[in-house]
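Pulled from Swiss-Prot, these are the features on record:
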type	residues	note
ACT_SITE	GLU474	active site
BINDING	HIS473, HIS477, HIS480	Zn(2+) binding site
MOD_RES	SER16	phosphoserine
MOD_RES	SER172	phosphoserine
MOD_RES	LYS257	N6-acetyllysine
MOD_RES	TYR278	phosphotyrosine
MOD_RES	LYS538	N6-acetyllysine
Amino acid sequence: MKPPAACAGDVVDTVSPCSTVNHLRWDLSAQQIRALTTQLIEQTKCVYDRVGAQDFEDVSYESTLKALADVEVTYTVQRNILDFPQHVSPNKDIRAASTEADKKLSEFDVEMSMRQDVYQRVVWLQEKIPKDSLKPEAARYLERLIKLGRRNGLHLPQDTQEKIKNIKKRLSLLCIDFNKNLNEDTTFLPFTREELGGLPEDFLNSLEKTEDGKLKVTLKYPHYFPLLKKCHVPETRRLLEEAFNCRCKEENCAILKELVSLRAQKSNLLGFRTHADYVLEMNMAKTSQTVATFLDELARKLKPLGEQERAVILELKEAECAKRGLPFDGRIHAWDMRYYMNQVEETRYRVDQNLLKEYFPMQVVTRGLLAIYQELLGLTFTLEEGAAAWHEDVRLYSVRDAASGEEIGKFYLDLYPREGKYGHAACFGLQPGCLRQDGSRQLAIAAMVANFTKPTPDVPSLLQHDEVETYFHEFGHVMHQLCSQAEFAMFSGTHVERDFVEAPSQMLENWVWEKEPLMRMSQHYRTGGEAPEDLLEKLIKSRQANAGLFNLRQIVLAKVDQVLHTQTDVDPAEEYARLCQEILGVPATPGTNMPATFGHLAGGYDAQYYGYLWSEVYSMDMFHTRFKQEGVLSPKVGMDYRTSILRPGGSEDASTMLKQFLGRDPKQDAFLLSKGLQVEGCEPPAC
């Protein structure tokens, strides 16, 4: 049997004739997105057809494994050009076209992942080729393709494969719609200035007005979090918290129900007891029982701390009600949590958040953050003036290795909210750093997308300290994308085990709790003066404030996720309410449906939200074992970190990387101490 004729043209050249370095482009119209989506599918399918049509005796590394790896590189870049605009484009038509492109391409991804003809030739190659003839990463790639083939059911009967394929296609569409609904939500609540009592003037002045002069408060983060923390009018907080947790309630509730059911069906067809067990097979945790034990033990250890913190909050609430002449009901409501947790910081630790943010103007934080990352990781960043992007607010930086001067990547910063934009903070890998078809290395390119408070004509963007922490976290993901030197796109950047992926960026959050880094990224926005030492010392001491309640809430979210993916016929809203009461000791607001707003459930974290806590075990161990001992800003430790943790991407197991960096197997001690818990034989970490 002859292979089909060679595919016409090269995907990169025909779909996106850009520079030889940055293949990304952001000037496509909705019509072009639609046309190029069809073209990309046709050209990529041609490669799969050629691989799948080979006679078995013709199967080789070059014709099979390398062909699949090469097309993955070009396909990934072109796909991102077409489907990333749905998250960031200011043009609604382009967002819609990009969303449709994502749906088509997701369906195509399913089709290609279910190619039994290709799978059979990959299996044949593994049996035919001596394992030691492949480089370690190529051998890992071969093993991973076979593992993924089995996880797609390609070893099962044809009718079962068809069922799995149809379920996968439907799941892709549902996930896209779930998050699109949240991104496109434009709900706002109108309030008078009196109803927004307690909020600072700069916040109030930044709000748009309704026709009758009321102030518009949206459900986006830069409005939601400040109001929940600072507004002293309980009814205003209640209305906003209720609206926030009712976003897309009806449509996403229906989507979530179908998602959970289809995931369970697919996992059962593949021989797994639950969807969680199917997902976790590829993670460090391996089984749902391991995750359940981890969460239960942590909840048990944190419970006394949570009880103490709730008692403090009730005291504060009683005093507040007496002061403002409000009735005290003796209970903590969901809309009370952030307000009184903020009061704990301000009264018990004397941290004035409004004063603090005056020392964190965006420009100063960005300058300090970039300087710290450059020094720590041995890099040089250069702003590319006038670079093309998807919006005028976006900035593009070039990244070079400081020692060699070699360019290793670029990153975009898109930091302010816009209508229709992705509503959280995230890092998007756009161009994987890996080897291209000719053996040259492709530049890694990533985008950090966030929603920090916009500047006004009078006041620059001022960041809350937790926003500075978010900035450091997400930029940590950017560095993971750019410093990775994997050979295969499949292992580039953050393509590591999902319950390890947060560890590298979580570790870098520690810098916003250390005095020297804080001094370097703070300066008063009016006077230019340094942040007072006592203000920073109070902030650093407040790190463990509310640690019990904050982490118990993380456990609630992780358990909701696990329950939905280990049990059938569970009502998500009821389950969330039960766990809030049982673990957090604070009831969910009646009538709300938080899981319908929980983007992680449809954003690749299904059965894996526990990973935020799980990976913190490793992030805290890395920080306290190396950086805290040898120097928080030590370039030597930073380079060890870049080499051992960031450089491999997913080309090695996380456990191997950790052992190399730590010099031993990981331990939980630093993690537990960071939560304010006692560990036998260990001193608490110095603040």
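Using N, Cα and C of the backbone, Cβ positions are placed for all residues, glycine too.
What Swiss-Prot annotates, mapped onto the structure for a quick look.
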residue	record	DSSP class
SER172	phosphoserine	helix
LYS257	N6-acetyllysine	helix
TYR278	phosphotyrosine	helix
HIS473	Zn(2+) binding site	helix
HIS480	Zn(2+) binding site	helix
LYS538	N6-acetyllysine	helix
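For HIS473 (Zn(2+) binding site), the same-chain residues 6+ apart in sequence whose C-beta sits under 8 angstroms from its C-beta are ALA425, SER505, GLN506, LEU508, GLU509. In this structure the alpha carbons, written CA, of GLU474 (active site) and SER172 (phosphoserine) are 25 Å apart. In this structure the alpha carbons, written CA, of HIS477 (Zn(2+) binding site) and SER172 (phosphoserine) are 24 Å apart. Cα of LYS538 (N6-acetyllysine) to Cα of SER172 (phosphoserine): a span of 47 Å. Cα of LYS257 (N6-acetyllysine) to Cα of SER172 (phosphoserine): a distance of 14 Å. Fewest other C-beta atoms within 10 angstroms, among the recorded positions LYS257, HIS477, are seen around LYS257.
One way to see the shell of the Zn(2+) site is to take the Cβ centroid of HIS473, HIS477, HIS480; the remaining same-chain residues with a Cβ within 8 Å of it are CYS427, GLU474, PHE475, GLY476, VAL478, MET479, GLN481, THR494, GLU502, PRO504, SER505, LEU508. Fewest Cβ neighbours within 10 Å among the recorded positions HIS480, LYS538: that distinction goes to LYS538. The local packing around TYR278 (phosphotyrosine), expressed as other Cβ atoms within 10 Å of its Cβ over all shown chains, amounts to 23.
Taking the Cβ of SER172 (phosphoserine) as reference, residues of its chain lying under 8 Å away and at least six apart in sequence are, in sequence order, LYS103, SER106, GLU107, ASP109, VAL110.
Here TYR278 (phosphotyrosine) is positioned 26 angstrom away from HIS480 (Zn(2+) binding site), judged by their C-alpha atoms.
Other Cβ atoms within 10 Å of the Cβ of GLU474 (active site) number 21 in total over all chains.
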